[in-house]
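Participant: TrEMBL lists these features:
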DOMAIN    9-124  domain 'Response regulatory'
DOMAIN    269-314  domain 'PAS'
DOMAIN    336-386  domain 'PAC'
MOD_RES   ASP59  4-aspartylphosphate
Amino acid sequence: MHAVANRPKILIVEDENIVARDIELQLQELGYQPVGITDRAEDAIVLAGQLRPDLVLMDIQLAGEMDGISAAQTIRTQYGFPVVFLTAFSSDDTLARAKLAEPFGYILKPFSERELHTVLEMALYKFQAENKLRISEAFNRCILDSVSAEIAVLDSSGTIIAINQAWHRFSQENRCDQDCHWQGIGSHYACLAHCQSGMRFDANDVNNARAGIQAVLDGSLAHFNLEYPCRSDQTQRWFSLSVTPFGNDGQGVVVSHTNITERLQSEMELRKLSLVVEQSPGAVIITDMDGRIEYVNPAFLRNCGYSRAEVLGKKPWMQAQLYASMRAAVTQGVSWSGELYNRRKDGSTYIEHAIVTPLRQPSGEITHYVSLQEDITAKKTPGRRA
C-alpha cells in the first residue's frame with residue numbers, strides 16, 4: 001500500500017464503462033489514486049497532458065478512430081508517461097504492434113486484483129529506475145560536454161559508442177580522410193589518427209596510438225599515454241592521447257585527446273628564459289619578501305666564490321644606508337639601482353652595479369625581488385682586474 005500523500009495517480013482508458021468503474025474501485029483498494037476515466041484514445045492524450053498521471057492503464061480496443069496502441073505511442077512521445085496495456089487480445093500481431101509503444105506492462109483480461117497490483121508496481125518501479133538512469137546519463141553527458149578535451153568511448157571491439165561535444169566539433173573541423181569515412185559514433189578506432197584539411201601525423205605516432213589503444217582494449221596495458229604533434233602548412237599543434245579502461249572484464253576504453261600546444265609553448269618559453277638567466281654574464285639573484293636568497297645564477301657564484309648551498313636562504317650583505325634606500329624603494333613597488341661593494345669568499349673585494357626590481361604576479365601582488373648585478377670593478381678602479 002502507498003501512503004495517502006504518495007499514492008500513484010492512474011489514468012484509466014477503457015472502452016467498457018462497467019469494467020472501467022470496477023478497475024477504479026480495485027485501484028482505490030490497492031492504494032492508487034484514479035485521476036480520470038475515458039473510453040477514447042484522443043481524449044486519453046488530452047487528459048494525460050492535463051492530469052499528469054504517474055501511469056496510464058490503457059485498453060487496446062477503444063472507441064473512436066485511434067486505438068490504444070497509437071494513443072500509447074503519442075503519450076509516450078509527448079509526455080514520457082509509462083503505459084500498461086489492458087486487453088482481451090493476445091494475438092501475435094497485437095503483441096507486435098504493442099511492443100512499438102514501449103509499454104511498461106501487459107495485462108490480459110480477465111485478471112485478478114493481485115495480477116493488476118503486481119504489474120502496476122513493477123511498471124512504476126521500472127519507470128522510476130529508468131528516470132534515475134536518464135538523470136544520471138544527462139548528468140554524465142553534461143560533465144563530458146563541459147570538458148575541453150575530446151573524449152570518445154570505445155566498446156570492446158574498438159568501435160566508438162559515445163563522444164562528447166568537443167570530439168564532435170573537432171571531427172567536424174578536421175574531417176577524416178576519404179578512405180576512413182569517420183563520422184564519429186560507429187567508427188572504428190583505427191580511424192582516430194586520421195584527419196584531412198592539410199593536417200599531418202607522423203606514421204610512428206599513428207602506429208603507436210593504435211597499438212596503445214589495442215593494448216588497453218585487450219588488457220595487456222592498464223593505461224596508455226602518448227604526446228604527439230599534428231602539423232599543417234599553417235601551424236603545428238601538440239596533443240596528449242590518454243587511454244583508460246572502463247567497466248569490468250574489458251567492456252571498452254575511454255580515449256581522450258587534449259590540446260597541449262599552449263602548455264608546451266609555455267614550457268618552451270620557460271626553458272628559454274631559464275637558459276637566458278643561467279647563461280647570463282651578469283649575476284642574477286632572486287629573494288623572498290624578507291630578502292632571503294631563493295635563487296642565484298652561475299655568474300653570481302663565479303663572482304663571489306661561494307657555492308649555491310652556502311648562499312641559499314641567506315640575506316645578501318649590504319651597507320646599512322644602501323639597504324635602507326633599496327628597501328624603501330622596492331617595498332613601494334619601484335626599482336632601485338646603485339653600487340654595491342662586495343667581498344668574495346677568498347676575502348677579495350669587488351664592485352657591482354645592481355638593479356633591484358619587485359617581481360609582480362599577474363594579480364599585481366609582489367612576491368619576490370630580483371637583483372641584476374654587473375661587476376664594474378675594472379671600470380671603477382682602472383688598471384685593476386675584476
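Every residue gets a Cβ built from N, Cα and C, even glycine.
Where the annotation comes from TrEMBL, it is an automatic prediction and has not been curated.
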Participant: Which residues, sitting 6 or more apart from ASP59 (4-aspartylphosphate) on the same chain, put a CB under 8 Å from its CB?
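Facilitator: For ASP59 (4-aspartylphosphate), the qualifying residues are VAL13, GLU14, ASP15, GLY68, PHE85, LEU86, THR87.
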Participant: Using DSSP, tally how many residues of the domain 'Response regulatory' (9-124) sit in helix, strand and coil.
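Facilitator: Tallying H, G and I as helix, E and B as strand, the rest coil: 56 helix, 27 strand, 33 coil.
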Participant: How does the model score the domain 'PAC' (336-386) in terms of mean pLDDT?
Facilitator: 87
